[in-house]
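Accompanying notes for the structure given below.
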Amino acid sequence: MYLLIVFLPLLGSSVAGFFGRFLGSEGSAILTTTCVSFSSILSLIAFYEVAPGASACYLRIAPWISSEMFDASWGFLFDSPTVVMLIVVTSISSLVHLYSISYMSEDPHSPRFMCYLSILTFFMPMLVTGDNSLQLFLGWEGVGLASYLLIHFWFTRLQADKAATKAMLVNRVGDFGLAPGISGRFTLFQTVDFSTIFARASAPRNSWIYCNMRFNAISLICILLLIGAVGKSAQIGSHTWSPDAMEGPTPVSASIHAATMVTAGVFMIARCSPLFEYPPTALIVITSAGATTSFLAATTGILQNDLKRVIAYSTCSQLGYMIFACGISNYSVSVFHLMNHAFFKALLFLSAGSVIHAMSDEQDMRKMGGLASSFPLTYAMMLIGSLSLIGFPFLTGFYSKDVILELAYTKYTISGNFAFWLGSISVLFTSYYSFRLLFLTFLVPTNSFGRDISRCHDAPIPMAIPSILLALGSLFVGYLAKDMMIGLGTNFWANSPLVLPKNEILAESEFAVPTITKLIPILFSTSGAFVAYNVNPVADQFQRAFQTSTFCNRLYSFFNKRWFFDQVLNDFLVRSFLRFGYEVSFEALDKGAIEILGPYGISYTFRRLAERISQLQSGFVYHYAFAMLLGSTLFVTFSRMWDSLSSWVDNRSSFILIVSSFYTKSSQE
């Protein structure tokens, strides 16, 4: 049963990929949706057995790599964090598959789309169930590959090509941290198996000396793992790929941003909690990165005009909350917020897809408006998702988001206060752009074309059913799961995300936080909604004044252009690397030294040498006799004097000198 959870999506993907042209669009869609749905049902059974039943399951299938001290096997670990992630991944993916049947029905390549969507669903369980670093890395890279294929699905669109390439390259930057982190763990612990590494994490730690500087081994490994998480989970510096990924079909955006790719970094940090607990420096860096990301993404989303980009920036902001929850050593709360976030974020994306699908693929909110009467169900779904996103009391987002902020306040450290205040201010901006999205799309006077208004319709039944189920999750999952997953005294996690006693502050956050501090997120979210109502549909004069003022115009450009992150990265990093790649790697090395000293240089040298030797063929016997005598004399002389000359002669330098002389003579000719 446990293996079927992982391999059923692979089965559906393989059949749809190889036999999609025989099955047709409907056959491929039904097959892949059925496989993922059965995987979701089995995940619920596994969740019941593993988490409430307190019986973790470990399966070792076969050896994979065995070489002296290095041993990596195909093994699957099903503990509490794993089964929670499996429920999130498989349930959201099954609803996205069901939604895609109607959404992609008119696309001629829908079998290929369903194949890619299922392979994404396969690699994510492979990542979360892996019992060693290599298997996790396999799933990690597979998720990146599947995301590239899905974002690049409409490959005839230039922007889709650019977005997919950007996502792949930015994630490669993160992998430059993750891969050395895995190598460092093997160097330090002599194994890649999680259970062995975590059991030895508390042992006396070594230091590594590099460039005459001493580094704490565990701290360095954790920072490298964080770099991998930053790339995959769209944290500050590597967040630019996430909004651009909106060029793919809307079901892709829902799957990537709600359940699969961006959650991989958060899960990896939670899985490696026994490592992250010991170096305080790494925890401070994680907290700062997450808090800064939540603030940056929230401020960027307030002035975006693309419907899906606004939701994408809200994803980056919520991922910041999850990351800094891990930084304050509350991994269980982080995974709880990840689960809650998956439901309302998938709901927001699928609702946005219903609007875009009916409005002839229009995504600019400024060209919408007045759609509440035409899309009553979609408007209700979007309202539920937005209220849950801003942490409206007693909805799903409220039960995890407010707990994270209270925990940050209870940390009583500079990093904790930094995270609390940036997170609280981010609540204000989150509320503003969420209600701005609702006002501009559904409530303000319409700016749409008449032909779009006349043809628009609410979501059909196959697209409405997933939205309704996700809306129920956005309403009730947080309330139903709070006491079980993060309640005081719960044994749900069975010590899987390890928290040291000195970092355990959940009880204190429950009883020691002042009431006014607990009310700050609600006050800020209410203020954001009030400002959005007064600025967007009502105060047109205020908007005009804001856009015509010089300072306000620059401020508008700063936030609308995403803090100029893309421009800075392109000007100072990308162009420098491209210039280095052309001038040094291509011209100086590939077409320079390697070709001169490599096959081109050797072949040219022997060809010129043969030409020079052929010129010595004069046809006179006394010339040949003189050459033989001279050669014999030189040979005898050097053989006798070699012991004294060998210390002054370098064969490699002689070869390079000879080759260069021929190259120089040919260039002069």
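Each residue, glycine too, has its Cβ placed from N, Cα and C.
Please treat TrEMBL annotations as automatic predictions, because they have not gone through curation.
As annotated by TrEMBL, signal peptide applies to 1-16.
According to TrEMBL, the feature transmembrane segment maps to 27-50 (among others).
In the domain 'NADH-Ubiquinone oxidoreductase (complex I) chain 5 N-terminal' (64-114), the DSSP tally of helix, strand and coil residues is 29 helix, 13 strand, 9 coil. TrEMBL lists 64-114 with the feature domain 'NADH-Ubiquinone oxidoreductase (complex I) chain 5 N-terminal'.
Long-range contacts of the transmembrane segment (83-101) within its own chain (CB-CB distance under 8 A, at least 6 residues past either end) are made by residues 5, 9, 26, 29-30, 32-33, 36-37, 39-40, 43-44, 46-47, 50-51, 110, 113-114, 117-118, 120-121, 124-125, 128-129, 249, 251, 254-255, 258-260, 263, 267, 335, 338-339, 342-343, 346, 350, 353, 462-463, 465-467, 469-470, 485. The feature transmembrane segment is assigned by TrEMBL to 83-101 (among others).
Look at TrEMBL and you will find 113-130 (among others) tagged as transmembrane segment.
Under the heading domain 'NADH:quinone oxidoreductase/Mrp antiporter transmembrane', TrEMBL lists 132-419.
Only residues 6 or more beyond the boundaries of the transmembrane segment (136-155), in the same chain, are considered here, and those with a CB under 8 A from a CB of the stretch are 109, 112-113, 116-117, 119-120, 122-128, 130, 161, 163-164, 167-168, 171, 175, 178-179, 182, 228, 232, 245, 247-249, 252, 255-256, 260-261, 264, 268, 271. Per TrEMBL, transmembrane segment is recorded for 136-155 (among others).
Sequence annotations record features per position, and here TrEMBL assigns transmembrane segment to 215-234 (among others). If you look at the transmembrane segment (215-234), the same-chain residues 6 or more away from its ends with a CB under 8 A from one of its CBs are 140, 143-144, 170-181, 184-185, 188, 201, 205-209, 241-242, 261-266, 268-269, 272, 275-276, 278-279, 281-282, 285-286, 289, 293, 315-316, 319, 322-323.
The list of residues near the transmembrane segment (282-304) in space but at least 6 beyond its ends in sequence, with Cβ under 8 angstroms from a Cβ of it, reads 218-219, 222-223, 226, 230, 234-236, 239, 243, 269, 276, 310, 313-329, 408, 415-416, 418-419, 422-423, 425-426, 429-430, 432-433, 436, 556, 559-560, 562-563. Residues or ranges marked as transmembrane segment in TrEMBL: 282-304 (among others).
Outside the transmembrane segment (310-330) by six or more residues, the chain places 229, 233-236, 239, 242-243, 245-246, 253, 257-258, 262-263, 265-266, 269-270, 273, 276-277, 283-298, 300-301, 304, 337-338, 341, 345, 348-349, 352, 365, 389, 401, 404, 407-408, 411, 415-416, 419, 423, 426, 430, 433-434, 436-437, 499-500, 503-506 with a CB less than 8 A from a CB of the stretch. The transmembrane segment annotation in TrEMBL covers 310-330 (among others).
Within its own chain, the transmembrane segment (342-359) has Cβ neighbours under 8 Å at 88, 92, 95-96, 99, 103, 250-251, 253-255, 257-259, 263, 307-308, 311, 314-315, 318, 368, 371, 374-375, 378, 381-382, 384-386, 388-389, 395-397, 441, 448, 452, 455-459, 463-464, 466-467, 470-471, 473-474, 477, counting only residues six or more beyond its boundaries. Per TrEMBL, transmembrane segment is recorded for 342-359 (among others).
Listed by sequence, the residues of this chain that lie at least six past the ends of the transmembrane segment (379-399) yet keep a Cβ under 8 A from its Cβ atoms are 314, 318, 336, 340-341, 343-345, 347-348, 350-352, 354, 371-372, 427, 430-431, 434-435, 437-438, 441-442, 467-468, 470-471, 473-479, 481-482, 521-522, 525, 528-529. The annotation transmembrane segment is assigned in TrEMBL to 379-399 (among others).
The feature transmembrane segment is assigned by TrEMBL to 420-443 (among others). Cβ atoms under 8 Å from those of the transmembrane segment (420-443) belong to residues 291-292, 294-295, 297-299, 301-302, 304, 307, 310-311, 313-314, 317, 320-321, 324, 355, 365-366, 368-372, 375, 379, 382-383, 386, 389-391, 401, 404-405, 408-409, 411, 520-521, 524-529, 531-533, 535-537 of the same chain, restricted to positions at least 6 beyond its ends.
Counting only same-chain residues 6+ beyond the ends of the transmembrane segment (463-481), those with a CB under 8 A from a CB of the stretch are 92, 95-96, 98-99, 102-103, 336, 339-340, 343-344, 346-347, 350-351, 353-354, 357, 377-378, 380-381, 384-385, 388, 394-400. Residues or ranges marked as transmembrane segment by TrEMBL: 463-481 (among others).
What TrEMBL lists as transmembrane segment is 621-642 (among others).
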